[in-house]
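Undergrad: Let me give you the structure first, and then I'll get to my questions.
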Amino acid sequence: MLISCLFILATVAVYAWLPELRNLHGRVLMAYLLSLFVGFTFLATMQILLTINNITVTTCVYFTFVIYYSLLAAFFWLNVMCFDIWWTFSGKRGKSLEKMSLRTRFVAYSLYAFGIPTVLTALLVGLEFSGLPPHPLLPMIRQQGCFIYGTSKLIYLYGPISILCIANMTFFVLTAVKIAQIKKQTSVLKSKDSSTHDQHRNDRQRLLLYIKLLAVMGVSWILEVVSAIYPEAEDIWKFTDAYNVLIGLIIFIIFVCKRKIFRLIKKRIKQKFRRSNNESRELKEIVDKRMRRWQNNSNQRASLETIRTSIGVDSDATVRNTTNV
């Protein structure tokens, strides 16, 4: 799973490095990937510590809270993507959300995608340390081992994520219906020179990327549920773990291995070299100017010394002549 984390981090690095990708949609994607990265990193670390039997109950509980929060945040950010693409095609551009600046919209999305997982995690922590008698509805992380299991896992993890998955599918279906209506009703989209056509084409491409991402995470989620239903099926667990290792690579291929991204990377590298060459040229010009100035000053000092020497020689000769007379 750590291999998957490396590819996720590489995807974030590419989007953070390219200015053209640091728009609202790129920032939402980076927030999603960073949440997924934290969750996968802590989960992989916890699995390694469990394998070598070198983890305390306290460490296990804290790891569980971080993993729980990170995975929830990742799914909430995925929900933000689905909502945003639906909003883009819904035709509600005159409403309050569209009037917000991109930065304000990202802040609003962050409050939602980070805020609700914070509340749910605080609820999980509060119930875990509430001191109530053991009950199936309580997390009981310290009693059951690392992470949450059984009924508590169904309530606190599978429940919220299942609701989000249903909402995401609903947004995608509504978006697909809206796209079909746009194709039938809007003749301007048929014009290749239309900026509206280009915008909708870009939005459709973004929708396709989100569908691929939702499919990737949906398969992972289904495998997790099946593994939980059949905990004794070792083959299912092995396949699930193998798939989770590939998630980061699949995401990297979907969002980075594209001609557009390669062109942007090539453009960025050229700009870096051009800027470096310009800076070197400017530095060389500054050095040359200072060298010329230093040479001029040296020449001037040499001329003054020559004049002084000449004057000194003449004065000595005059004095000697006067003395002889």
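Cβ atoms are placed via backbone N, Cα and C, with glycine included.
In TrEMBL, annotation is done automatically, which means it is predicted and not curated.
Residues annotated as domain 'G-protein coupled receptors family 2 profile 2' in TrEMBL: 1-259. The annotation transmembrane segment is assigned in TrEMBL to 6-22, 29-50, 62-86, 106-127, 155-177, 207-230, 242-262.
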Undergrad: Under 8 angstroms for C-beta pairs, at least 3 of them, ignoring pairs fewer than 6 apart in sequence. Is the transmembrane segment (242-262) in contact with the transmembrane segment (155-177) by that rule?
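TA: With fewer than 3 qualifying Cβ pairs, these stretches do not touch.
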Undergrad: Residue list, the transmembrane segment (6-22) vs rest of chain: Cβ under 8 Å, 6 or more residues beyond ends.
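TA: Apart from its flanks, the transmembrane segment (6-22) reaches 29-30, 33-34, 36-37, 40, 247-249, 251-252, 255-256, 261, 264-265, 268.
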Undergrad: Mean pLDDT for the domain 'G-protein coupled receptors family 2 profile 2' (1-259), as a whole number?
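TA: Here the predicted model's pLDDT, averaged over the domain 'G-protein coupled receptors family 2 profile 2' (1-259), is 83.
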Undergrad: Is the transmembrane segment (106-127) packed against any residues at least 6 beyond its ends, judged by a Cβ distance under 8 Å, and which are they?
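TA: Hits for the transmembrane segment (106-127): 24, 27-28, 31, 65, 68-69, 72-73, 76-77, 79-80, 84, 97, 100, 138-139, 148, 156, 160.
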Undergrad: Is the transmembrane segment (207-230) packed against any residues at least 6 beyond its ends, judged by a Cβ distance under 8 Å, and which are they?
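TA: Cβ under 8 Å, 6 or more out: 75, 78, 81-82, 85, 89, 153, 158, 161, 165, 168, 172, 175, 179, 236-237, 239-240, 243-244, 247, 250-251, 254-255.
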Undergrad: Under an 8 Å Cβ to Cβ limit, what residues of the same chain, 6 or more beyond the ends of the transmembrane segment (155-177), are close to it?
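TA: Sequence-remote neighbours of the transmembrane segment (155-177) are 68, 71-72, 75-76, 78-79, 82-83, 85-86, 89-90, 120, 124, 137, 139, 148, 207, 210-211, 214, 218, 221, 225, 228.
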